[in-house]
Every structure is written in C-alpha cells, then in structure tokens.
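Below is one structure; the comments refer to it alone.
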Amino acid sequence: MIQVLLVTICLAAFPYQGSSIILESGNVNDYEIVYPRKVTALPKGAVQPKYEDTMQYELKVNGEPVVLHLEKNKGLFSKDYSETHYSPDGRKITTNPPVEDHCYYHGRIQNDADSTASISACNGLKGHFKLQGEMYLIEPLKLSDSEAHAVFKYEHIEKEDEDPKMCGVTETNWESYEPIKKASPLVVTTYQRYVELVVVADHRMVTKYNGNLIIIRTWVYEIFNTINEIYQRMNIHVALVGLEIWSNGDKIIVQSSADVTLDLFGTWGEIDLLKRKSHDNAQLLTPTDFDGPTIGLAYVGTMCDPKRSTGVVQDFSPINLLVAVTMAHEIGHNLGMNHDENYCSCGGFACIMSPVISPQPSKLFSYCSYIHYWTYINYRNPQCILNKPLRTDIVSTPVSGNELLEAGEECDCDSPGNPCCDAATCKLRPGAQCAEGLCCEQCRFMKEGTVCRIARGDDMDDYCNGISAGCPRNPFHA
C-alpha cells in the first residue's frame, strides 16, 4: 500500500516588498521568503533515497500556492564522465566520480502547461522556474531556519553593470566559415542528436572561487543542467562527458581578446584534450573580461571539427541561468545557428540566439534558429552527433520508444514475452522493424503523421515519422 508522507514544513510566505537582501545571485530588492513543503509518495516501510527520482514541493509564489514537480535529470552525465585537475607540480589527476545519485532536476509547475524548471536540490532548492510566462529564481536563505528560501524575479536583482552583454560572433568573423547555401528543399529533421561535451574551467575560475574545486564543479553542474534542458526542445541530448579544471595554471594564454583565446583553446583541444578524452564539443569557462561587450564567442557551423567545435564563455554573472543561456548560445553557433534578426521571436522575449543578453532571459530558440539548425544538419551532416549513446556512454531514463541498449543489442532482452524481440540474442525477430515504442505497432513502424503523443494545454501534438519507433518531439513546440 502506498502511503503519502508529508514532510511537515510550515507552508508560509512572507513577502518583502521593497526591501533588499544580499543573496548568492546578488542584491535583490523585491522577494518572498517561502518554506517549501515536500510531498513524497513511498511504499510503507521503504527507505527514502538521498535524492529521489521524482519529487514534489508545495510553496507559495505571490501569495498563491503552487506545486513544483521535479524529475531527476538522468541524462545529465555520460557514464564514463571524468574530471581532471592538476597537482601543484603539474601532474594530471583524472577521476571518475560517481554521478548516478546526483541532485539535479528538471520539472514543471502543476496546471501550467508552459512552465519549466531547472533545480538543484543538493542543499535546499536552487535554480529557476517559469510560472505564468515569468521567470522566477529560488535559492536557500542562509538563516538559522534552514528551510527558508527566497523567491524573486530576475528583474528585481540590482544590476551593478548596465552595459549590454553580447556575443562576439559576426557574419565575417571567420574566413573558414562559408555560409550554408540552399541547394535543395529543406528537410525538417526529427531524429535526436547527441552532443557529448567537455567544460574546461581556466585558472582564473580557480582564483575566483578561492581554489575550491567543489564549488567550481557544483557551479558547472548547475549551468549544465539548464543547458541540457534548453536543448531538449530541439531534440538534442547534450551530455556532460568531462570537466577539466586548470588548477595549477592555464594551459593556454587566456587573453582579453576572445578571438585569440578561442583560437588558442581550439588548438589545445585538438592536440591535447581530444587525444585523451573523446568528445564532440568543448567550451572554455573563464571570468576573463573580454574586450568590449563580448561575453562569448564560438565558430559557426563547426560541430565535430577537431579544432573548431569549441566556444569560450565568460563567467560574468552569479546567476547560473545567464551563464547557461550564454553557453547554450555558443553551442548553438557550433550547430550552425546564426544570430536572430529582429523578426525572430520567442513570445515577446529575446531568444537564445539573440546577439544581446536580454533583461528578460529566455530558454527558447526562435523558429529562425530551428531553420538554421535544420539547414546545417541537411547540408553539413555532422557525423559525431548521430551516434545513439549506449548504456556505456550515457546514463539516461529509459522512455517509451527510446530505450538505451547495451552494445550489440537491437531490443531489450529483459522482456522475454515480446513477440518482436528474440530474448536469447537481443536481436529483432525476422521481419520486425521495432520491438517497442510509441510509434511501434505489431513490430512495425507506425505511419508517418500518426499522433503518438497528445498535446497538453497549449502545447502541440507529436507525430510518428514512419522510420523510427520513438515519438519525436514536434519541432514546432513553443
């Protein structure tokens, strides 16, 4: 029998209109103190894991009760995820820390179809969620009452620097970039792609965070949890395969010129990093103040290139959402996306590929970005992001039509009664196209255009593509 255990925490909210408080995210002049209440459904007598696969919290926002549903992001890390740092004498130290039982979640607000959430539950709730079209941040308060949290809007954070923050990419930035020419009708791709990414934190990051590698690691995880969520909408699985921290000094000369730094980082990645850590893309994270308003730079349309599948990103804000959006932007350039024009829209807010960081940050790509990405996939066809990860590569939650298989398997051997799968060989039976999935019926792919997932709220239906068992996400989702 399932019993619902209510973790009894006072469900109260005390708005501090017009007051100011110093938080990790900065000085906030309008916020609420809330006490989230966790609701856990466990079998009677079951031992509660440290970090459950799914969690639910009740709290008040603007005095109104909301329910936050969270699900552990099991696609965040690759199973061979590794971390590298350096001893004072320069020795390379590489470890494979256990990451399966991590504390990073994605989620939504109950009864709000347009809501999203990216939350760290490591020490209280820290992150951001979208509610009724507005972005809110949440973080624990460092008070004697450890359950108190602050909830506030991004615009209520006092800005020390009002200068615009921009990406440094221009159409003529790189001689090696040839604009993609339309040679035939564009084919909209619904196949999932997989980007295996390494983040490199330079020595200034070590100095900025007082040599605390754990803090740097946590910061990168928070950023990457949001990046992973952002790209899910494009049916791209971005997984963190490695983190390298230049703890004893930089391996390149990190300069204020973003162009020079990007070139040096790409060269180092090709001759050093790639030879010891397989990956599709690498991003350098640095507090270095680049020249002018630039906070990031990347090559355009270079995913899988040994040197140029790279970007550099300034760690310019204590708000992980802003740094995550910037890194997602630079990865977007690597995936063939150009900057949004004025007519490219995301429901009234600036989109991911806007050349300027918006006062109202968005986690959405514009339709223009989808067109750029599909065009790039059609005419450049980067091969490294086509391979479907195996369980030896990616830790991910199995979902209908998208099971992750062991090496050599075509279907899940754990289902001996499946008429489409030979349980002895883990191969599809003769004549079978598939064994399971929302678009698999009687061992055959369902016809293209068959609805496989009904829309919820203002969302859009998802359709089978006729060539796979999975139910691909509709590329026109908001």
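Every residue gets a Cβ built from N, Cα and C, even glycine.
Among the features that Swiss-Prot reports, signal peptide is placed at 1-20, with the record citing sequence analysis. Per Swiss-Prot, the feature domain 'Peptidase M12B' maps to 193-389; the stated evidence is sequence analysis. What Swiss-Prot lists as Ca(2+) binding site is E196, D280, C384, N387. According to Swiss-Prot, the feature disulfide bond maps to C304-C384, C344-C368, C346-C351, C411-C426, C413-C421, C420-C443, C434-C440, C439-C464, C452-C471. The annotation Zn(2+) binding site is assigned in Swiss-Prot to H329, H333, H339 on the grounds of similarity to another entry. Per Swiss-Prot, the feature active site maps to E330; the stated evidence is sequence analysis. If you look up Swiss-Prot, you'll see 397-478 marked as domain 'Disintegrin', on the strength of sequence analysis.
In this structure, the binding-site residues H329, H333, H339 were compared by how many other Cβ atoms lie within 10 Å of their Cβ, and the smallest count belongs to H339.
According to DSSP, C440 (disulfide bond) sits within a strand segment. Taking each Cβ in turn and tallying the other Cβ atoms within 10 Å, the top scorer among the disulfide-bonded residues C304, C471 is C471. Here the candidates are the disulfide-bonded residues C346, C420, C426, C452. The one whose C-alpha lies nearest to that of C384 (Ca(2+) binding site) is C426.
Cα proximity to C443 (disulfide bond) (within 10 Å) is found for the following recorded positions from H333, C346, C421, C434, C464: C421, C434. Candidate recorded positions: H333, H339, C346, C351. Nearest to C421 (disulfide bond) by Cα distance: H333. Across the structure, C368 (disulfide bond) and C440 (disulfide bond) place their CA atoms 32 angstrom apart. Looking only at the recorded positions E196, E330, N387, C464, C471, the one with its C-alpha closest to C426 (disulfide bond) is N387. In the three-state DSSP assignment, the secondary structure recorded for C351 (disulfide bond) is coil. DSSP assigns H333 (Zn(2+) binding site) to a helix. In sequence order, C351 are the recorded positions from E196, C351, C411 with a C-alpha within 10 Å of the C-alpha of C344 (disulfide bond).
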